[in-house]
Each structure stands twice: as structure tokens, then as C-alpha cells.
Amino acid sequence: MAPQFKRPELFGFDKSHAQSFVQGKWISSPNNKTFEVDNPATGEIIGKVADVSVEETKKAISAANEAFKTYKNFTHVQRSQLLERWAELIMENKDDLVKMLTLENGKPLSQAEMEVTTCSGYLKWYAAEAVRTFGDVAPSSLQSQNFLISIKQPVGVSALITPWNFPAAMIARKGGAALAAGCTAIFLPAFRTPYVCLGLVRLAQEAGFPDGVLNVITSSDASAHGKELTTNPIVRKVSFTGSTNVGKILMGQSASTIKKVSMELGGNAPFIVFPDFPIDQAVESFCTIKFNSCGQVCVCPNRVYVHKNVYDEFVSKLTEKVKTIKVGDGFDSSSAVGPLISQDGCKKVSKHIEDAVSKGAKITVGGKEISSSKGYFFEPTVLSGVTQDMLVASEETFGPLASVFKFDDTEEVIEWANDSDVGLAGYVFTNNLSTMIHVAKELEVGLVGANIEMVDEPFISFGGIKQSGFGKEAGRLGVQEFMVVKEINLKTL
């Protein structure tokens, strides 16, 4: 049964199809072209969404540019107040947003509620940061009567390209930073999950943001719109969350106009367990982060490295824990793991399992797609006897697969953990403070969870290194990504 919404108009259900949002108006494609969005838990069609052309993206860029001329001069307090109001409206409409997030993404309601609440948290953080975008003043080293003044200004029109795995949180994490800095924005949400973005932006409109400050382009052809956003000289900033391969394409396109770019790309997170840490606690922490959003999280552990002295115990307890995990529709309150986003996701998990088993790994639980379901469900799976020559060591699975490696000593596991082209998150579990600090420092990642699975909250500056990208979101550095520094040499009379 489809969920009932208190305000169906938030998602365009009051019309024949949901629309894009440009210059304060909800628009359809000129030829009324649409694309369908399905529920990954059932395969059923949720509805139709406007499939607009690149011409609409050009109009959105023009609208954002015109709005920037006014919005950049809003005071820090005005921007802060607008963000606070947006955050309040999100919480007032939380139930509808949570239902839509579960409907189009598939994650359980409890996880969807956490994500929507996090949206509000990001915006409240940025509301506070909006009034803290200070510059600096220093005396000149050459002329005693001179002052060197650094001021921070918004970079300009920003393209914000968001993913399907956290389609609500990324709107707030990127959009809140841009708006706090004084930028205007064009959102390009993933075609699999456009509805929650449309709902959030409608609430931003109700919060009082002027026409043109926020725009949304909906399309089934992200590459065409992405190319326009990255090559149009009016756009001065591109922020993208998604795969490393797509990130490379967008970076190359952005180079044509030398834009400021932030990239939050793929991960291959190591999860390292030393023998002095309580195994039950390590298993609990691992499952909390690994099976969140069915493993479709860029910071979730992809490689589990367990010391040889506790390896068998860890695998045994992890296997028993995974056997208890309920897989099902996100609207079922007993479900802990929902579906993958598409059939392609199921195929990749199967590919990694088949490769590992062919090279000697053993399945201790799970291992199969749940074929009795109409959705894209896969059994939570544990592999033991995993080695560095298997695909799971070098490729991000992005699914409910726990691949457990055995290591002998600290330097060996650090070498294995760093044997990756990407470096977003890593985890280390040990009660030895020296070991913890050493491993945390040596891991080639941008985020480390030390005895904790949490590496993402509004106060943390989120981002990776290597081919996981660059730039920071949230935290003290998030707003700075949308600002430029101007130096003024002032001579007093």
C-alpha cells in the first residue's frame, strides 16, 4: 500500500507529474517529456517527473546568476535566518519527507528519519556558520601606515550534483553551505531519487528564499545536464557526490572554464580490529555502519581486517549476528535492511561474491539475491578467507557484503589498508592508545573512526583524499568551499 502524505503537493502529486523548479516557478519539459521513478522495494512506479532539456538548465543558470546579484548582498544575519526557517520547516514536514525517502530510496523508515533529521541539523549548523565568515586584518610589513585586509566573498552560481543514496542529506549539506556563503544554486538530483529533493526545495521556497536562488533540474540524462553545468562559464562552482569515474569526467569538463570544484567520490573503507578490543563490541559497531542503507554508503567498511588471534571468533560472532538481520520493505518496522537501489546493484554484489569464492573464500551466511521478492533485495552476506587478490579488495561493493581478511601485524595491515586508489574513510578498533594513534595517522584516508563507527555529522568537515576526491563538506570548512578570498591593501592617510 502506498503511503499517505499530509502534503502531497510537496512532491508534485497534485499535478500529472512532478516538475523542475526554475526562477521560482515549477516547470515541465516543453514537450511534456517525463521519466518514471520506481520503488526499489517493490518495482512499482511511484510517479512521473519532468524530463527537461538542457535549455531548461541554461535558463536555471541564467536565473541563478540574476538572483546572485541581489542575494550576495544579503547580510549574514538574513542568510542565517532563512536557513533556520528552512530547517524548522523540514522538521515540521518530517513525516512526509521520511515516507518519500523510504519510498524512492528503499531504506528503512528509522534510517530515513535519521537522514531527514540530519538535514535539519546541517542547515542549523550552516545558519550558525553564516555569521562566522570572517576575514582577517594585518599590518603591512612594508608600510607601517598600511593595513592588509582579507575579505571572503561568495564564489557565485554553484552547481550541486547529488546522489541517490543520501538524496535528502546531500541537498542540505551542499545547499546549506552554498546559501550560507551567499551563493545561488542549481541542484541536479539523481534520476532515481528526485522527489525528496523537490520536497526540500519547495520548503526552501516557503522559508522565503528569493526566486532564482535555488533551482532544481530533473532529468533522466544526467550526463547532458552535467556537461552544461560544468562547461557553462557562468557557473563558478561545482560540487559533486558520486562515483570516482563520473567525478573524473566532471572534473575534466570543469577544467574548460577553471571552476572551483569539490568532489566526494567512491570509497573502499578498511575496518581494522586488533585482538585487545572486545569482539562483541567490534561486531556491533561493524554491523551498524556496514548494513546501513543496505551497504550503499561511501564510508561503510568494504574490507574487514581482523587480527589472526581473534579472526575465527570475529567471523563466528559476525555470522551469527548477520543471521538475525531482517531484510524487507523499508515500511515494515521490523526491517533492518532494505533493498539495493537497482538490479545493477544486485549484479555487482553477486560478481564480488563469485570472484572471491572462485579464489578460495567461503560464504558463512547469505550469498544470494532474494529472488522471491519483486524488489532488489540481497541477503546480508559474510565472506571469510578473503585475500588481497580478490575484487572485494580493490573495488567498492556498495552492497550488504562483509569481506573478512586476516592479518598478522600492524605494519602489514596498514600496508593492505592503504593499497587502494581511493581514501575516504577508515576504522580502527583497539584499546592500545599508541596503536590507535599510529594507525589513524598512517591510514591514507580523510576520515577515521577510532573505536567508533561514526565519521559523519554536521560538526565534522567531511571529505576524502586520493581518488576519493577533495574539498570538505560540513564542519568549519564547509562554507569556505563556496567562498573566495580577496586581499585589499589599504593605505591610511
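Here the Cβ of each residue, glycine as well, is placed from N, Cα and C on the backbone.
Note that the structure is a prediction, hence the values are computed from the model and not measured.
Among the features that Swiss-Prot reports, NAD(+) binding site is placed at Gly242, Ser243, Thr244, Asn245, Val246, Gly247, with the record citing similarity to another entry. Summarising the environment of Val246 (NAD(+) binding site), the number of other Cβ atoms within 10 Å of its Cβ, over all protein chains shown, is 19.
Annotation comment: Swiss-Prot describes Glu264 as active site. Its Cβ taken as reference, Glu264 (active site) is surrounded by 26 other Cβ atoms within 10 Å in the chains shown. Secondary structure from DSSP puts Glu264 (active site) in a beta strand.
The active site, nucleophile annotation in Swiss-Prot covers Cys298 and rests on sequence analysis. Mapped onto three states, the DSSP output places Cys298 (active site, nucleophile) in coil.
Sequence-ordered, the extra residues of this chain that approach the NAD(+) site, with Cβ no more than 8 Å from the Cβ center of Gly242, Ser243, Thr244, Asn245, Val246, Gly247, are Phe240, Lys248, Ile249, Leu250, Leu265, Gly266. In the three-state DSSP classification, Gly242 (NAD(+) binding site) falls within coil. Each residue contributes its Cα atom, and for Cys298 (active site, nucleophile) and Val246 (NAD(+) binding site) these two points are 15 Å apart.
Neighbour counts were taken as the number of other C-beta atoms within 10 angstroms of each residue's C-beta; across the binding-site residues Ser243, Thr244, Asn245, the minimum falls on Asn245. Its own atom aside, the Cβ of Gly242 (NAD(+) binding site) has 23 Cβ atoms within 10 angstroms in the protein chains shown. Sequence-distant neighbours of Gly247 (NAD(+) binding site) (same chain, 6+ residues apart, CB-CB distance under 8 A): Phe240, Met263, Leu265, Gly469. Counted within 10 Å of its Cβ, the other Cβ atoms near Cys298 (active site, nucleophile) come to 27, all protein chains included.
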